[in-house]
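Asks: Mind having a look at this structure? Questions to follow.
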Amino acid sequence: MKITCNAGGLTLKNPTILAAGVLGTTGASLKRIASMGAGAVVTKSIGTEPKPGHHNPSMIRLEEGYINAMGLPNPSFGEFRQELEIARESGVPVIASIFGATPEEFTAVANGLPGADAYELNVSCPHAKGYGMQCGTDPELVRSITKAVKAAVKVPVWVKLTPNVTDIRPIGLAAQEGGADAVVAINTLKAMAIDINTGWPILGNRSGGLSGPAVKPVAIKCVYDLYEVLDIPVIGVGGVSNWADAIEFMMAGACAVEIGSAVYEDIGTFASVSMGISNYLDRKNMKLDEIIGLAHRVVKQ
C-alpha cells in the first residue's frame with residue numbers, strides 16, 4: 001500500500017519523521033537518517049547565539065524511556081547554515097527546528113537559515129530557562145511568535161507544543177490563529193530522577209524532560225484533543241517505537257509521526273515502522289487517509 005502523505009504542507013514518501021534533538025546536529029547525521037528510511041528530518045533546535053547547554057549528566061535512561069536536560073546546546077544559526085545545506089542533499093524534506101525568547105529572535109533565526117523546507121518552532125522545551133516551554137504556555141505569545149515567523153518565510157511553519165499545561169487545546173488554537181501550517185504534539189514532560197545513595201538529583205540541571213514509551217499515552221491524548229478542535233494537521237510525537245504506535249497516533253488524529261528516543265535503540269526504526277504501516281493497511285484493505293482520525297469517527301457512530 002502506498003503511504004505517501006501530506007504533512008503540514010510537505011509531501012513525504014512515508015509518514016515517519018526524525019524528531020528534533022536526535023542525530024540532528026550535523027548535515028551528515030541527518031543525511032544518514034534519511035538514507036535509513038525517514039520521510040523527513042528535523043534538525044537540532046537552533047538559536048541566535050552559540051549555547052553550550054547544561055552540565056553532564058544531561059541524559060539518563062529509564063526502563064520506559066529517557067530523561068534529558070540538554071539545555072538547547074547549539075552552534076547558532078550562522079554556524080549551522082552549512083550543516084543545513086548538507087542535510088538538504090538527503091532527498092527528503094529538512095525541517096529546521098528553531099527557538100528564541102521573543103518573536104524577533106524566532107524571526108532572526110528563521111531568516112538566518114534559508115533553504116529549510118519548513119520551520120518547527122520549539123516553544124515547548126521544558127529545561128531551558130527563558131526559552132521553550134516558558135514561551136509555549138502563553139497562548140498570546142505562541143500566537144505572536146507564529147505570526148511573526150509566518151510573515152518572514154515562504155515555507156510551512158509547524159509549532160511544537162508542550163504537554164506541561166492544564167489544557168493543550170488553547171495553545172494549539174493560538175498556533176493556528178497565528179497561521180501555523182501544523183502543530184507537533186508533544187515535546188517532553190517535566191521529569192526528575194534522584195540518586196537514592198546520595199540524595200542528589202542525577203541530572204546536571206536537576207530536572208529535565210521525559211521521552212520514550214512512558215509518555216505515549218499522554219501524547220495520544222494530546223493529539224486526540226487537538227484533532228477535535230483544529231483545522232490544521234497534527235503531527236504526533238512521543239513514544240513511537242513501532243508501527244502499531246504510529247497507527248495508534250494516526251487513529252487519534254496524527255497525519256504523520258516523529259520518532260526520537262527509539263532511534264537510540266534502532267536506527268532502522270523508520271523503515272520498519274513504514275513497512276509495518278503499509279502491511280497493516282494491506283491487511284485491512286484501507287488507505288492511509290482512512291485511519292487518520294478513525295478513533296473520532298468510531299465513537300460518533
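These residue numbers are counts, starting from 1, taken along the chain as shown.
Every residue gets a Cβ built from N, Cα and C, even glycine.
What you are looking at is a predicted structure, and each value in this text was computed from that prediction instead of being measured.
Take a look at what Swiss-Prot says about it:
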- Lys44, Ser45, Asn122, Lys160, Ile186, Gly212, Gly238, Gly239, Gly260, Ser261: FMN binding site (BINDING)
- Lys44, Asn68, Ala69, Met70, Gly71, Leu72, Asn122, Asn187, Thr188: substrate binding site (BINDING)
- Cys125: active site, nucleophile (ACT_SITE)
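Looking at the shown structure, can you explain where the listed features end up?
Replies: Gly238 (FMN binding site) falls within neither a helix nor a strand when secondary structure is assigned with DSSP, and so counts as coil. Long-range Cβ proximity for Gly238 (FMN binding site), meaning a same-chain Cβ under 8 A and a gap of 6 or more residues, is found for Pro163, Ala185, Ile186, Ser211, Val215, Lys216, Val218, Ala219, Ile220, Cys222.
The DSSP secondary structure for Ala69 (substrate binding site) is coil.
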Asks: Can you tell me the CA-to-CA distance separating Lys44 (FMN binding site) and Gly71 (substrate binding site), as a whole number of Å?
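Replies: Per the Cα atoms, Lys44 (FMN binding site) and Gly71 (substrate binding site) stand 12 Å apart.
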Asks: According to DSSP, folded down to helix, strand and coil, what is Thr188 (substrate binding site)?
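Replies: Going by the DSSP assignment, Thr188 (substrate binding site) belongs to neither helix nor strand, so it counts as coil.
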Asks: Three states by DSSP: which one describes Asn122 (FMN binding site)?
Replies: strand
Asks: Among residues Lys44, Ser45, Asn122, Lys160, Ile186, Gly212, Gly238, Gly239, Gly260, Ser261 annotated as binding FMN, what is the maximum Cα-Cα distance? Answer in Å.
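Replies: Of all Cα pairs among the recorded FMN binders, the widest measures 19 Å.
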Asks: Cα-Cα, whole number of Å: Asn122 (FMN binding site) versus Thr188 (substrate binding site)?
Replies: 11
